[in-house]
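Quick look at what TrEMBL lists:
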- 50-191: domain 'CzcB-like barrel-sandwich hybrid' (DOMAIN)
- 128-162: coiled coil (COILED)
- 197-270: domain 'CusB-like beta-barrel' (DOMAIN)
- 348-368: region 'Disordered' (REGION)
- 358-368: compositional bias 'Low complexity' (COMPBIAS)
Amino acid sequence: MTACGKAPEAAPADAVGAPQAIGAENVAVARQDTLRSGPSISGTLIADREARIRAEVSGAVLQTLVDAGQRVSEGTVLARIDEGTVRDLAISARSGVAQANIAAEQAARELQRSKTLVAAGAIAERDVESAERANLGAQAQLADAKARLSSAEKNLANATIRAPFAGVVAEKSVSPGDIVSPGSALFTVIDPRSLRVEASVPASALSEVRVGAPVMFKVNGADRMLEGRVTRVSPMVNPQTKQVSILATVPNSANALVAGLFVEGRVASEKRIGILVPQQAVDLAGITPSVMRVRGGKVEKVEVQIGVRDEAAELFEISSGLAGGDTVLLGAARGISVGAAVVVSTPRDAAAREAAPRDTTAAKTNKP
């Protein structure tokens, strides 16, 4: 629920002395609800699974078959590189294997013949040893030829660029006609179904952060609160910033989020029950925070004590001064005089500000 600062309309002239009507946008109901407190975080959404695809062969790019933002399946052809040179090498390697195979078979036959002759006393033992060496050499040459063929066929296959997994083409760095070499950047493919937040927390708050703890956050420019889970806490403190890096995984099966978005929120490490009101209900200008409460059709000023606050959800916990169900004025409506008679439209529920998840989060504070 985003608080509205619109002042209530003035009563018409013929209604002077009658209770002043206040619209629903200018009031809220304090409600007891679950909130979680913990250290604030800010960071960036990144893909949990990302592949930076680079060329493994040299040549001219003949085709690019996808564009940035396009969804692809595992094995989808992304581009083709001219395979003329690597094809020639593969043909030559196949010929080399065929020749080496013939030589190896001949050497094996010569060895077997030599063993038969030495058994008959027709040749000396050293002739058998010579045949054995020739056979070993031929087998080694065959193995070398097969290795060259395997490498050539791999290079031939690498001339066709394929998606390593199902996902989205996040970046396209190549166009038809480009000349590439091994290591040239071609595409970046990400799996958007699982994202993660890279963030950091103060070292002083490290005791409140653990693997598995919920992380509540908002994407920059959006109102809906989202939830993830801490999956890694760095074992080291940055000596310059005194911060500890954390990673939180964020499910994204509906693809509602995209990598690269800036997020703000907090690690929801502590769970408790509290009375919640919108930030715009609280006047922080005085020595003691206060709210304007409507009770019995009259406006009254009530001093309150703030327990914890959630800047992301724009909520304050009221630790004393209000009870669940109290109606409070918001924003400019707080300017209505104490003791004024008012008629309130159906007020909004302070805890209904966020549709999902139900728990809100807050950062601890000692003073408003």
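Placement of Cβ uses the backbone N, Cα and C atoms for every residue, glycine included.
Automated prediction, rather than curation, is the source of TrEMBL annotations.
Here the domain 'CusB-like beta-barrel' (197-270) returns a mean pLDDT of 84 for the predicted model.
Taking H, G and I as helix, E and B as strand and the rest as coil, DSSP gives the domain 'CusB-like beta-barrel' (197-270) the counts 6 helix, 36 strand, 32 coil. When the domain 'CzcB-like barrel-sandwich hybrid' (50-191) is classified with DSSP, helix, strand and coil residues number 70 helix, 36 strand, 36 coil.
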